Amino acid sequence: MRFHTLLFLSFLLLVSCALICTAQHPGLEKSGMFHENVGKGQHIEEKRSCIERMQTCGVEAGLPCCSGAPCICPYIGDCICIQ
């Protein structure tokens, strides 16, 4: 019985870590998404003129930050607009 409890708690720990990771790095989810217009090479970001604060602003988007701030790229994770 203790083994099953330990196994269940380990599973809950892994699931909670995965949920926290996707909450902190929403770009990881977006990279795996498929869109209806993939054949045209368009992305959702291309329909906007700029990227809002704390949204991803990587090279693939090619759009400036709305505030004029630079797109900051950490060592690990998505590039974001900071202001």
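Indices start at 1 and increase along the chain as displayed.
The backbone N, Cα and C atoms fix where each Cβ goes, glycine too.
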Can you look up which of Cys50, Cys79, Cys81 is joined to Cys66 by a disulfide in Swiss-Prot?
Cys50
Quick one: which of Cys21, Cys57 does Swiss-Prot link to Cys71 by a disulfide?
Cys57
By a simple count, how many Cβ atoms lie within 10 Å of the Cβ of Cys50 (disulfide bond), its own Cβ left out?
15
Show me the subset of Cys50, Cys65, Cys79 whose Cα is within 10 Å of Cys71 (disulfide bond); these are the disulfide-bonded residues I mean.
Cys65, Cys79
Proximal residue to Cys79 (disulfide bond) among disulfide-bonded residues Cys50, Cys57, Cys66 (C-alpha distance):
Cys57
